[in-house]
Amino acid sequence: MPLLRPLTLIRRSGTRMYGAFHDTLDQLTGIEKRELLAHLAGDCDPFRMMSIKKGPGTWECPNLIPSAFNKRLVGCVCFPETNHIEYMWLHKGIPKRCGCGYWFELCPIAPL
């Protein structure tokens, strides 16, 4: 088993440089980096995957579902005492009514 050594001083052509690891944020790229930056900014759900509490859900004031795309699959738990989830596709600009009577509509947001 190799022994772990403490960080040592490395000398290169007269300049001092300490051997250390890079920061995690410097190592990440792409979607992982954007996700970490969203978490650091305080957004605990950057992909909008957590459940949303139902509001009034009427035709005049539908439940707004955030989406960065033109359509999204949404699951509605119509009655809390059942284990059945009613799934439906929501399209941008078209409100849709679930079987339980609640109305839903997509709310456009900026992509991550």
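Each Cβ is built from the backbone N, Cα and C atoms, and glycine gets one as well.
So that you can see what the record holds, here are the features copied from TrEMBL:
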- Cys76, Cys78, Cys98, Cys100: Zn(2+) binding site (BINDING)
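The Cβ of Cys98 (Zn(2+) binding site) lies under 8 Å from the Cβ of Cys76, Cys78, Glu86, Met88, Phe104, each on the same chain and at least six residues away in sequence. The Zn(2+) site is defined by Cys76, Cys78, Cys98, Cys100, and by the 8 Å test on Cβ atoms against their centroid, the other residues of the chain that qualify are Val77, Phe79, Glu86, Gly99, Gly101, Tyr102. For the binding-site residues Cys76, Cys78, Cys100, the greatest number of Cβ atoms within 10 Å around a candidate Cβ is found at Cys76.
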